[in-house]
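Student: Sharing a structure here in structure tokens format.
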Amino acid sequence: MRAIWCGFALGVIALQRQAALPGRGAWAGLIVACLLAAGWAVRALGGARPSDESCDGAGRLSGVGYWRRWRIASGWAAVWVAAASAGFGYAAWRAELSLAQTLPAAWQTRDLDITGYISSLPSYGANGASFIFRVESWGTRKTGALLPHWVQLSWVPREEPLPPLVPGARWRLSVRLKRPHGNGNFGLRDAEASWLARGVRATGYVSDPQRAVRLPVDASGIGVRIERARAVLRARIDAVLGDAPHRGIVIALANGAQDAVSDADWRLLRNTGTSHLVAISGLHLAFVAGLAGWIAGAVWRRARWRGVEAPLFVPAQKVAIAGALLAATIYAALAGFNVPVQRALWMLTVAALALFAGREVARSHVLAWALGLVLLRDPWAVTAAGFWLSFCAVAAILFAATGVPRLRRQAPQPHFADGPDPMRDRSEPARRLVSVASLRRGWRALALHLAMRTSDSARVQWAVTLALAPLTAYWFAQIPLIGPLANAFAIPWVSMLVAPTVIGSAALPAPLDAFALRAAHTCLEWLAAMLGAFESLPWAVLRLPQPGAWPLACAAVGVAWGLAPRGWPLRWLAPFTWLPLLVPAPTGSPPGAFRLTALDIGQGTSVLVETARHTLLFDAGPGPESTQAGERIVVPYLQAHGVQRLDALMISHDDSDHSGGAQAVLDAIGVGELVAGILPAHPLWASAREKGAQTVQCAAGQRWQWDAVDFEVLWPDPGPLAGKPNAHCCVLKVSTAAYAEGGRVSALIAADIEAGVERTLVARDPGRLRAQVLVVPHHGSRTSSTEPFLDSVWPLVSIFQVGYLNRFHHPHPGVYARYAARHIVLARSDADGAARVEAHPGSLAVERFRDTQRRYWMDPPSPD
């Protein structure tokens, strides 16, 4: 089964990398390949006898021996092919079912009346609440399409506060919806895949809260009851802890909801490699299952029925297993069935069924069954970091432990007068320790045993750290070097103190639950203090650019090589396979060239310019007052691409969609110089100076050169800033070197200038405006991009940074047509995602995210 489930997983992974779902021809080929491979596997392996796998010396030299070995090898290869084909086909079938539900394009951004109920635990933020809504009826509109069953809604309060939003509550709402559409940026998480995994086929908001009607009859069902129980649990914690700083971690440990965890806590946990402790996973599930199993077994051993002891009817061991499994299932439901919880629950279920059947099953088979069952339930789990981190951590533990039992079986064992080592019986550790202490020379045996257990724990921690390091570099662009030390303290602290107290509080009546919750929060405060000390160490975190496929593959080989049992050949060479990951090859432009990346941040501007050894960020997108693109997109993008310090941060003007994310950038990334077109009283100046950055007001005539690339500010004129912000935007021109074999290539970033500034620049020096790449002024509004301005710039490539179906209707259809009529290569962030331009002397290359990184779930937006 290991080969079957692993092959199935490879097929699922392959499907999630496709730009389009298979057509009829591909389906036919897939079915034929699966049937042929399965048939050959049955024939090759079904007729193979155990003696076929090992031949004597004469047989190995004969043609018959070679044929038998080839048949067995090809049979196992056919098993992998058949399983992979089945996995690919299953994932494609599930995808077609989900994508069949679609919101008609004509319904987007229009008021719709829907009736249904809240099907998820609401998530609360500064701007209101969001939740998944199960639509039961779509008003009076008729369509032949299969409409979405689940939509994700935001409810932003206006004059009145938010009403109580309870899972299962039925509402009639007036909403505005869009098809699922996330920001598309190189190296960042794809939100559209996570929506598809949850069945969400439309997103939007409650457009008229005053027309919302709470219906009298609530929804029912096991799913609704689970979500309602999670909501009750959260309400109890909120009532007790209020605005306590680590309240979010307590909620996450209680019901799996992580939206209340503060940014400061997330930063601390990520930098110390302990963020896995916040997500309910196998560690927490094992504690609940073990405790429940112990209680069930102890009660059953003492139970009697009509004078007959209960274990005579059903063995206490089976009752304990059933109790553990039941408790684990309940806790997994309260945790929201995330992927790590599913993995742990399925592993526990398979092991429990094997014990019930009286069969012994290998741990690797248990993990393989869990892998297959997780993917059967959710084929899109492979697109999430939690899937890879969870399964790879367990696989590393199992792999690292493969050689230990064989080595220790031959080692001399300590002698105990009472028979076997009492530490092997974990059911009554306190009594056994007393027994050991009473033995002659027992303390020596105990010390040896504890040393062996400590060595095992250290080996497991080392294996997990080593195995997850490449994945954390890929998903989070960092490796927490302090992680092993921090986890050595944090794991026992959370698993023995915090988690039991939080879980126990759910079963306690008031006011005992409040006492338990406050005690858990106090333990978290002490933990945060210790982790803060670890984080403050200068070498605590190693930040790396997001690795590609080749460095990841080399590191994976190094992990397996390094964790192999002692005696494995050339283990000392394993660290060298990590060099492509730890010392990445330079990816910047050569001297004299530059790379320009216009990020997809929705409605706003943020452009990264990179030369051989310098970086400049032009604008930082919206901030907390809007979509938080600075913190949510710009900062992660910089970190994923290894930008640990900006040589310059240029903020064109004080519009929030350009300057709102600047503070998040200053907080997370080192900045050498802030160049901005904002008023002297703006708080960004003081914040930049506190961070150690130099501050300069941008003005026409400023010039500098980095790595043979020229930078020049064309606007505003020197002097005090006057008029509205768009009138004094910074306009930046970037030009490559001019070599004999290639002419100069330039890019013009025009911010939000309008027709008046364009006329001034054209009248002043139209030749200076000439550029092959133009970041379109003011997002393509009708007040910009005049004919004389375009005649002066004469771009070959133009980039529109606009939000998907934005409320300003940018770009204006007439302006967009003006560009298209000039046969300019156009890129717009709402349709193409981020646009990357490689500018070299005499050459130009454009890459659009949704062209090169396209996946089948990406819905192409309508151009209007």
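Using the three backbone atoms N, Cα and C, a Cβ is placed for every residue, glycine included.
Below are the features I grabbed from TrEMBL:
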- 603-804: domain 'Metallo-beta-lactamase' (DOMAIN)
- 24-42: transmembrane segment (TRANSMEM)
- 277-299: transmembrane segment (TRANSMEM)
- 319-337: transmembrane segment (TRANSMEM)
- 344-362: transmembrane segment (TRANSMEM)
- 382-401: transmembrane segment (TRANSMEM)
- 460-477: transmembrane segment (TRANSMEM)
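A description of the local structural setting of each listed feature is requested, covering burial, neighbours and distances.
Tutor: When Cβ-Cβ distances below 8 Å are used as the criterion, the transmembrane segment (277-299) is approached by residues 249, 252-253, 256, 258, 261, 265, 269, 316-317, 319-328, 331-332, 335-336, 338, 340-341, 343-345, 347-348, 386, 390, 394, 427, 490-491, 494-495, 499-500, 503 of the same chain, each at least six residues removed from its ends.
Cβ atoms under 8 Å from those of the transmembrane segment (319-337) belong to residues 121, 226, 229-230, 233, 254-257, 280, 284-285, 288-297, 300, 310, 344-345, 348-349, 352, 355-356, 503 of the same chain, restricted to positions at least 6 beyond its ends.
Long-range Cβ contacts of the transmembrane segment (382-401) within its own chain (Cβ-Cβ under 8 Å, at least 6 residues beyond either end) map to 9, 12-13, 16, 189-190, 193-194, 197, 276, 279, 281-282, 338-340, 343, 347, 363-364, 367, 370-371, 374-375, 456, 459-460, 462-464, 466-468, 471-472, 475-476, 559-560, 563.
Residues 270, 273, 385, 388-389, 392-393, 395-397, 399-401, 483-484, 487-488, 543-547, 551-552, 555-556, 559, 562-563, 581, 636, 639-640, 642 of the same chain sit 6 or more residues outside the transmembrane segment (460-477) yet have a Cβ under 8 Å from a Cβ within it.
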Student: Sequence-remote contacts (6 or more beyond its ends) of the transmembrane segment (24-42), Cβ cut-off under 8 Å?
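Tutor: For the transmembrane segment (24-42), the list is 74-76, 78-79, 81-82, 85-86, 88-89, 92.
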Student: Below 8 angstroms Cβ to Cβ, which residues of this chain, lying six or more residues outside the transmembrane segment (344-362), approach it?
Tutor: 281-282, 285-286, 289, 317-318, 321-322, 324-325, 328-329, 332, 369-370, 373-374, 394
